[in-house]
Number of protein chains: 2
Amino acid sequence: MTLTVGVIGGGQLARMMIPAATHLGIDLRVFAENDGSPSAIAATQVGDYVDADQVLRFTREAAVDVITFDHEHVPQAVLSALVEAGVAVRPGPNALLYAQDKLLMRARLSELGLPVPEWAAVSTEAELDAFIEAHGGVAIVKTPRGGYDGKGVRVVRRGREANDWFEAPGIGALLAEELVEFRRELAQSVARRPSGDIVAWPVVESVQQNGVCAEVIAPAPNSAGRIADVAEQIAVTVAEGLDVTGVLAVELFETTDDRLLINELAMRPHNTGHWSIEGSTTSQFEQHLRAVLDLPLGATGTRDAWTVMVNVLGGPVGGGLDSRYAKAMAEHPTVKFHSYGKDSRPGRKVGHVSVGGSDLDDAMYQARAAAEILTE
Amino acid sequence: MTLTVGVIGGGQLARMMIPAATHLGIDLRVFAENDGSPSAIAATQVGDYVDADQVLRFTREAAVDVITFDHEHVPQAVLSALVEAGVAVRPGPNALLYAQDKLLMRARLSELGLPVPEWAAVSTEAELDAFIEAHGGVAIVKTPRGGYDGKGVRVVRRGREANDWFEAPGIGALLAEELVEFRRELAQSVARRPSGDIVAWPVVESVQQNGVCAEVIAPAPNSAGRIADVAEQIAVTVAEGLDVTGVLAVELFETTDDRLLINELAMRPHNTGHWSIEGSTTSQFEQHLRAVLDLPLGATGTRDAWTVMVNVLGGPVGGGLDSRYAKAMAEHPTVKFHSYGKDSRPGRKVGHVSVGGSDLDDAMYQARAAAEILTE
């Protein structure tokens with residue numbers, strides 16, 4: 001019997017599930033916002049994910065065994081309607097809630113005793129000023145919902161710098177956080193089945209530029225031992241505490257005083273896990289499909305001493321193969337190229353490159369040089 | 001600009017091009033014989049590949065940059081019509097001719113001075129008897145066209161055992177070959193661009209059962225040095241001599257007196273190259289797409305000391321994931337599973353498994369045990 005997975009959202013994460021589904025013999029159906037989405041290679045229905053009727057019709061017509069997601073923006077009302085209709089939704093609404101609302105997430109993680117930056121919910125300029133004063137004259141302020149890739153995040157030194165958000169309808173309270181002094185950013189991915197089985201990939205280092213993930217090194221250099229153990233323990237606790245099914249990525253700060261603090265969560269394959277396509281025995285995309293179908297999980301070991309992933313931001317118009325790809329391929333025969341089939345805009349993630357090897361410096365050089373050719 | 005590859009034939013070879021095309025951002029269009037083909041995940045047009053008009057219409061409607069193949073059965077007249085219409089056909093008709101007709105192939109390889117079993121074209125029982133008498137009382141006799149996986153091949157001790165073929169309309173002369181005493185079978189794959197660049201994977205050992213490839217070990221044990229060099233040199237000579245573009249697989253006999261003789265050729269990704277999906281930096285499917293598009297070729301090194309591929313013959317009805325897959329996944333977390341989405345029939349190739357590792361015995365055990373669960 002062929003198993004069918006329905007994916008809501010047609011971005012590059014849905015797209016990169018296609019190779020895994022093809023090899024495993026899983027029928028992948030996508031509910032995308034518009035025609036020509038990155039995942040349009042798979043059988044795709046176009047519709048509006050905030051409309052419960054449309055989403056329900058998709059699940060019936062595609063005869064899905066389970067619904068999962070390319071993004072976390074499907075409203076709780078739609079998720080609940082699916083659950084009430086008997087559709088398996090993984091991760092479920094009660095887990096996704098914490099990926100959708102950073103205030104609820106911070107509150108729940110604190111409740112679980114997990115390490116997070118100091119935080120508060122602030123509803124007025126005065127409350128934010130008080131938080132700033134109590135935290136060395138600076139704070140990170142975030143809209144609880146809808147932010148990604150640095151959007152909805154500001155570093156502020158005065159409460160009034162967030163007044164437009166306080167005054168905007170529909171945002172409500174903001175999340176204020178201490179500005180963490182960190183040495184570097186790490187990310188820990190795990191995958192969890194509904195039956196409870198859970199596996200972890202090695203913790204990775206993620207290098208951000210302008211709030212966007214630019215590079216990932218897997219595993220994170222100098223992370224063996226305590227850091228790896230603590231990172232894994234944190235992610236497992238989050239996955240179990242929030243009842244996450246599928247892949248969970250936990251973005252972490254490694255502080256200058258040697259602590260790990262949880263920055264963000266993503267309940268889906270994540271940019272910091274793209275290295276696993278070639279770098280791990282089981283990629284995050286294959287694992288996500290196995291996990292949401294409640295199939296046994298695959299091995300998560302590394303296939304090379306080091307894997308380096310570099311995002312291609314901007315890049316050739318149309319996101320396809322052009323002479324720059326030919327140049328990059330000719331100069332870097334060991335680099336693996338991933339193009340998302342997206343129109344190019346400055347700074348937009350249109351693909352990534354990945355390379356494995358025994359020498360980290362060489363892998364870094366190859367991946368950066370190849371990505372640079374594509375973004376010239 | 002997005003590049004578009006049209007594939008004639010919708011079998012598992014076309015199917016396994018989909019993951020590579022998805023990652024590279026290549027638009028893959030398939031011309032399949034019927035609905036529900038293994039490659040139906042990709043944009044597919046159904047038609048008859050012996051009808052030049054239908055094939056030409058496909059190339060125009062799909063706006064392909066190049067046409068390539070899942071199989072070698074497209075008639076020369078159709079191939080010529082494509083070339084005359086200005087379509088890039090890779091491999092080209094003049095190369096495919098030798099993959100389509102074993103008599104022409106043997107003649108051309110002999111002309112190139114390449115090592116082949118002793119052979120003759122025989123048109124009558126008496127000619128075949130004479131060949132048998134001159135070769136120790138036994139011969140392999142093959143229909144020049146249309147054979148695969150042991151079909152169209154017989155071991156005969158008397159000429160009359162091939163009389164049904166001599167008498168059948170449309171077969172013509174048969175290929176008679178000496179019965180080679182071989183130690184094992186090897187396979188050497190290379191990929192060649194129209195511009196002439198050529199790369200080789202390591203030579204592999206292929207274990208046949210009932211004329212069908214059952215297992216592949218990459219690289220072939222005890223093949224370092226002379227055997228690897230000679231195998232590569234043979235395949236490169238064939239690719240250049242026959243002007244092959246794309247992937248060429250050369251099946252070889254390693255004789256009991258330490259020679260390598262060419263058995264068969266395939267001008268497309270081949271079962272003996274499936275190991276490369278996980279086992280090589282560049283899989284044969286990615287490399288074939290790069291080669292036919294005249295893009296720079298990828299590195300062909302191995303990613304593990306050993307990779308073992310075992311075919312799944314028969315297996316779960318529908319070729320999908322069922323409880324046997326769950327059992328195999330649970331017991332073999334490092335094994336990679338490939339299901340072709342084909343209906344199961346006894347002995348039919350419906351998928352394969354692949355596993356890499358530093359210990360050959362363990363990899364063999366894992367791959368065989370996983371495949372056995374799927375074919376129970």
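Glycine is no exception: its Cβ is also placed from the backbone N, Cα and C atoms.
Please treat TrEMBL annotations as automatic predictions, because they have not gone through curation.
Annotated in TrEMBL:
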- A:K102, A:K142, A:E177, A:E178, A:L179, A:V180, A:E185, A:N263, A:E264: ATP binding site (BINDING)
- A:106-293: domain 'ATP-grasp' (DOMAIN)
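Here the features listed in TrEMBL are painted onto the structure.
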residue : record           : DSSP class
A:K102  : ATP binding site : helix
A:E177  : ATP binding site : strand
A:E185  : ATP binding site : strand
A:E264  : ATP binding site : strand
Are there any residues at least 6 positions away along the chain from A:E177 (ATP binding site) with a Cβ closer than 8 Å to its Cβ? List them or say none.
A:R106, A:P117, A:E118, A:W119, A:A139, A:I140, A:V141, A:K142
Among A:E185, A:E264, the one of these binding-site residues whose Cβ has the fewest neighbouring Cβ atoms within 10 Å:
A:E264
Which whole number is the mean pLDDT over the domain 'ATP-grasp' (A:106-293)?
95
Relative to the Cβ position of A:L179 (ATP binding site), how many further Cβ atoms are located within 10 Å?
17
For A:K102 (ATP binding site), just count the other CB atoms lying within 10 A of its CB, please.
24
At its widest, how many Å does the recorded ATP site span between Cα atoms of A:K102, A:K142, A:E177, A:E178, A:L179, A:V180, A:E185, A:N263, A:E264?
19
